[in-house]
Amino acid sequence: MHANANAMAFHANNSLLSIMLDDEKQTTMPQRERVMGEQPGSKAMKPTPPPSPESPWMLSPLRTPSPLLLHHCIASLHRGEGNIYSIAISNGVVFTGSDSCRVRAWKQPDCMDRGYLKAAAGGVWAIAAYGNMLFTSHRDSRIRVWNFTASHNLTSKKLCSLPKRTSFLLFSKTETTHLHKDTISCMAYYHAQDLLYTASHDKTVKAWRISDRKCVDSFLAHEDKVNSITVNKNDGCLFTCSSDGTVKIWRCLYRENSHTLTMTLKFQTSPVNAVVLSSHSDGETFLYSGSSDGTINFWEKERVSYRYNHGGFLQGHRFGVLCLAVVERLVLSGSEDTTVRIWRKEEGGCYHECLAVLDGHRGPVRCLAGSLEMENMEMSFLVYSGSLDQSFKVWRVKVMLAEEENNGGDLKMNKLYEMSPVLSPSWVEKKLQASNY
């Protein structure tokens, strides 16, 4: 039975890879890129400036948006050296990690090239940022801590590597003990306690105190690889999810620098790929997890007992949910079906609705990030998505639009979203056909 399961998993992974490779071969770059929003006979908008000449990134084609839609792609970049695995935003700079040794920096919102940070190892699967500090994980299972300044061009300095490297003569087992034994899949920084959490496919979670660069705790968190991690900035609770199908909640005992398990949440048998927390000043807190079966489970935190009660799940994605992000009260989900969905929860309740489907990638959406652009009668925000089709896209989404009613002067807030689900491109149908055999 175990051998059959491994064989099925191997076949599934290889079929997905082969489908993506076949689709990539069919993709050709256009001779002339159409300017975003340009209409026949109208004045052309100024195109997005290309990256610097030494950059491996190039402009990829944009789709002309429908005038009836309130979301559109404002920038699209294609990278010829590898996939995009991670995105982080801080101080007006967007950082992207990929197979390369270089972590690229882009200016918000137009994604002009700001430069890069270069390390000795590539494979940047996870990025975390806070203020002018950036944390990156690499293929050598080490974490780099950077200090950066967002000026006309990015200036940065590597502060240290975790765990700290020792000289050959002073070599001890301490360094290898604190080193993750497998890929670092995710990170989260808790500023109040100066703790950086790292989780790995080796099933462990480690806590690093940045001030003295020490690993203050390391514990076995799950029975399978840890895929995502987040921390509640209000109370310091840590949330982890794993391929073992569980979401776990941990509490830090600060005097002992150790973490204890407080709850295990399990409402699905499929692997859990992403977890994110939506916490607000009014005390309302929701936890979301994305699974390989395409569902998003959510839990509501009780205000008295602080327990998390299962509130339901969101359905819409055809394939696995690979990443989640939160902007204000909106939840963003990226999926293997190549789309990004935007969900909104009604205030004071648990009902969620899908407001929009962002369709444009040609491969699974691997990472997401979002930021509020402005908030007034017309609130808009930016969504950054990285895909295994080697593209990085920026979307502008308007949340609400104030319109006057025909029979009065009162303002009415209308939802103007394309509600029907959209599935893109060719390899999705290819995978569906392959699954029938």
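Even glycines carry a Cβ here, placed using N, Cα and C.
Going by TrEMBL, these are the annotated features:
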REGION    28-55  region 'Disordered'
REPEAT    177-218  repeat 'WD'
REPEAT    219-250  repeat 'WD'
REPEAT    314-343  repeat 'WD'
If you average pLDDT over the repeat 'WD' (314-343), what do you get?
94
Work out, from DSSP, the number of helix, strand and coil residues along the repeat 'WD' (177-218).
5 helix, 24 strand, 13 coil
Helix, strand and coil counts within the repeat 'WD' (314-343) (DSSP):
0 helix, 19 strand, 11 coil
